[in-house]
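First the structure, in the form of structure tokens, and then the observations on it.
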């Protein structure tokens, strides 16, 4: 019997070891029965019955929700501690801690009895829970024995760890915590290397430096003219919001804008009414209130109408009511109506929303750790961030009277009143602590906050320099957890999720990008003259020849060298020689432009972007030379010399790799406008809200709200928000916009004392923190996501075909089709593909049998004149290279039809233009009576195999 038990224990331990490696809660549950039998060996029948009953109790929903409720109540009690709290609250929190500790100890004991020691401690979360409870009990005993100190404040932080009891009940959160812990284990060596790197440089620093009706309405509401009219009204409404004067409410301009707002609201109300009649309210699918954007429109219109109703009433209950301003602020949401009207903008917006949804779990953990560090900071620093304006006074009872400030030795001292103040960023309560730590997370002003923390002494006492140097370790740990770990994880998840949402499609991303390129690509014309015996044709042959291009490249290099030879203090003769060389090179480039204009024609010359660039450069260089020679003493146009250096950019079109990088760079700019438009909407909304809420604050040169930095106009508001988005002193601007600030007098730099009111608002904290979070952590990282999305080929296998490779196909096609007819002979097509390096073409080293097999799979239709089409060839090349719905020959008709339907779903506009039949030819064009590339090269391949077999040469099989 004992040997059987030992054998079962060994098997159980082995299973538990495997389950811990896999981190699977299901495996642990599968082993519960065997653990129960092992633990029940030492109990009598009564004990076993009691254990079974207790095990049922601890697994009930009542017990589960009771523990969850107690955890939240305990957390609320810990977070309610703040500086200056009444004695009764301190006593209540102390007794509450004893009660919670007793309850949690009872929970551990009940689970130990119900589950048994082996099963209980087999769970990592139970072991963690037990350690926290034991630590909390030790903290209570220590507090009674030793009293308050830095050490006991740190031990109190163990109470906060009880909130992680949630992870044992919340499955998705538990899995996320496990993933984060595994990530932490994998970067411990990197952290060690980081701190070693910091240590080395710290030592180096010490050594070197020592710091209508419902039936007819759809024809109206759904027309493009109705949508264009609404878009126009939205734009005009946005302009009127930006033109308001926030300081002088009685400004005649505001009166005009108010009447315009009545008109705009009327238009939007009519739009809402028409859509309600057309779509219905809510009872059926597709009704008005089942669309988020319609609900947003309805809320904005309703609030605007309610505000007009309040403004029309008399007395303080109407016009002077602050509710009017609060309701009118919602007008800033009107620009969001444009999102659903621009499909690509809506796609970007949906990607951002889905990104936030997918990082919700990491946000929970982020705020959880922020909360924990905030409560620890309250334990360490509450009531200790007071100071006297006279730095010689350390206690509040000493801080009264006046003192002298010596600004300059040559000026008499200033007399100032001593004041006992609290630093704007402090840890007197949990809310203030989390705000201060968020500022530290952004990296703005944190050295000052850290220094203030190191100078703290005791409650209600002033600072003493470097009194508590050890608290700097708190900020080191905080920086490792947040700016180094959580912030980067959050940003990475935003970027990855955005890219995944952009790439959601019936085809994978690289194939979609290549097909999109093929559907929009057109042959490039070399503008070859028709008469090959004319002088124009000879000039064309000259300017398109390789030696001519090499000669121009050599001249560009010489021009660059000459520009580098200039230096300060050179002689007049040296300067004259350089000027002559520059004039000669300018003449060469001018002759080049003239020859190309004669060869291509004026219209064709200016169709090419590089030719336009060359022409502008030549004109600029000629102007620079004329000004230097004849007008140097009268006018200074130094910027014209930039055209000399601009010639170097022409070299970018020569190298294959550089052309790919340049093409990708341009593609990134094409994708950015909608991201910029979304970011612009964010800035617009926050700028208008800032004007309405903070626009009437007095401009004080001693604060961050001054004549250079304020919300008194739309332009100033945008500039201020851009400064905040870059993290430049945003926390000081937030404090300067707080409540109880002086109001500005209209048309004057003086304070307005007439109305007896104060300006600013406590909303500034939520306003600025939300803006910094959305702009710095989210919106600006969309630029990174878009650029990474376009440059992802840098981290991919270079042998995989991508859109950046396909421009080379267009360039080489032009050599075989200089008139850009869109067709070349199939034999030329074979030579062309062998002249293009992989992954676009076959390359010179590709065996001809392998090239024949690829052409058989491509199988483009051949016209009666023996030519193949540009777009059909390009698409077939992409399809073959990326294996897009490629199947055996007997299944290709079915695959072609599936691909055709997929393309129609993704590119419906191209389907209307019959582009789909061009890229995926219908079956009647590939039937037995029609000639195709596949049939031609299949015959050639059979012929080659026959010859090889007849000559006795071994050949590969045909797939």
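One-based numbering along the chain as shown.
In case you wondered, yes, glycine gets a Cβ from its N, Cα and C as well.
Of the given residue ranges 616-643, 644-671, 672-699, TrEMBL assigns the label transmembrane segment to 672-699. Proximity of the transmembrane segment (225-243) to the transmembrane segment (672-699) is established through 3 or more Cβ-Cβ distances under 8 Å for residue pairs spaced 6 or more apart.
In the predicted model, the domain 'EF-hand' (804-839) shows an average pLDDT of 88. Recorded stretches compared: 359-381, 539-564, 765-788; the one with the most Cβ pairs under 8 Å to the transmembrane segment (472-495) is 359-381. Here the transmembrane segment (95-114) touches the transmembrane segment (62-83). Their Cβ atoms form 3 or more pairs under 8 Å, with each pair 6 or more residues apart. Comparing 292-311, 359-381, 584-602 for CB pairs under 8 angstroms to the transmembrane segment (62-83), the maximum falls on 359-381. Residues of the same chain lying 6 or more positions beyond the ends of the transmembrane segment (584-602) and with a Cβ under 8 Å from any Cβ of it are 527, 529, 536, 539-540, 542-544, 552, 555, 558-559, 562, 611, 614-615, 617-618, 621-622, 625, 647.
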